[in-house]
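*Asks:* Quick one: the structure is below, questions incoming.
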Amino acid sequence: MYENTNSEENNNNIQSQNMDIQKFKKYIRTEKKADERPKVIVMGRSNVGKSTFVKLVTGKNVRVGKKPGVTLKITEYDMGTYILVDLPGFGFMEGIEKKAQEKIKDEIIHYVEDNKDAIAASIHILDAKSFIDIVERWGNKGEVPIDLEMADFLEELELNPIFVVNKMDKIKNSEWDNHLDKVSETLGFLPPWRQWLDNFVPAIMRDNYGIDGIKHRINKRINIFKKSKK
């Protein structure tokens with residue numbers, strides 16, 4: 001009796017292909033779901049405490065250094081409900097040529113532009129004391145420091161940055177409000193700074209001061225972001 005073995009083989013091949021297609025579709029769905037998670041970017045001039053912040057938030061053993069330029073690549077951390085993105089430090093970096101510094105700046109800009117629709121929150125960390133000093137020094141030369149360039153860049157993309165004013169232990173307690181007023185005004189926010197609590201967080205990273213406030217603002221931004229996508 002003649003058996004149609006070719007037909008059976010074809011059926012097996014079709015079933016195998018269907019299984020492969022289902023696996024591929026499942027893979028695509030998984031990847032799509034991961035890609036759809038909101039991103040929280042962290043940026044700042046080298047040596048402002050960015051790596052310390054990432055270490056505190058992630059619990060990971062992030063390398064923390066005293067010299068500028070510890071973080072030289074874009075690193076993503078899986079936080080479950082969102083992805084934390086540690087961007088390289090910008091500005092002066094000891095031992096790094098100016099050409100390389102410009103390349104890092106370009107990489108940051110390209111990453112943010114390419115992912116702006118997925119960014120739920122942007123954290124811009126500043127050194128409380130040196131930020132004002134740098135702005136004044138560059139201003140005297142008629143130039144705009146990279147700190148303000150990046151702040152304006154985030155505003156242009158409507159990413160509504162959260163400015164973490166770190167190393168507030170360098171400022172006398174009695175002068176905190178006046179100093180933060182100056183920082184906020186320099187960044188284009190009309191004083192007093194306390195009317196912009198969603199945008200400014202005074203912090204002392206090494207003492208874990210301000211971390212809870214930052215996390216609260218991140219979660220708030222993520223919730224708003226998710227609602228906007230529904």
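Glycine residues also receive a Cβ, built from the backbone N, Cα and C atoms like all the rest.
Quick caveat, the model's predicted, so the values are computed rather than measured.
From Swiss-Prot, for reference:
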- 36-224: domain 'EngB-type G' (DOMAIN)
- 44-51, 69-73, 86-89, 166-169, 201-203: GTP binding site (BINDING)
- SER51, THR71: Mg(2+) binding site (BINDING)
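Show me how these features fit into the structure around them.
*Replies:* In the structure as shown, the Cβ atom of LYS73 (GTP binding site) sits within 10 Å of 9 other Cβ atoms.
In the three-state DSSP reading, SER51 (Mg(2+) binding site) counts as helix. There are 23 other CB atoms within 10 A of the CB of SER51 (Mg(2+) binding site), with all protein chains counted.
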*Asks:* What whole-number Å value do you get for the CA-CA distance of VAL201 (GTP binding site) and SER51 (Mg(2+) binding site)?
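*Replies:* Given the Cα positions, VAL201 (GTP binding site) is 17 Å from SER51 (Mg(2+) binding site).
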*Asks:* For the domain 'EngB-type G' (36-224), what is the mean per-residue pLDDT, to the nearest integer?
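*Replies:* So the average pLDDT across the domain 'EngB-type G' (36-224) works out to 91.
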*Asks:* LYS167 (GTP binding site) has how many other Cβ neighbours within 10 Å of its own Cβ?
*Replies:* 21
*Asks:* So which of the binding-site residues is most packed in, judged by how many other Cβ atoms lie within 10 Å of its Cβ, out of GLY44, PRO88?
*Replies:* GLY44
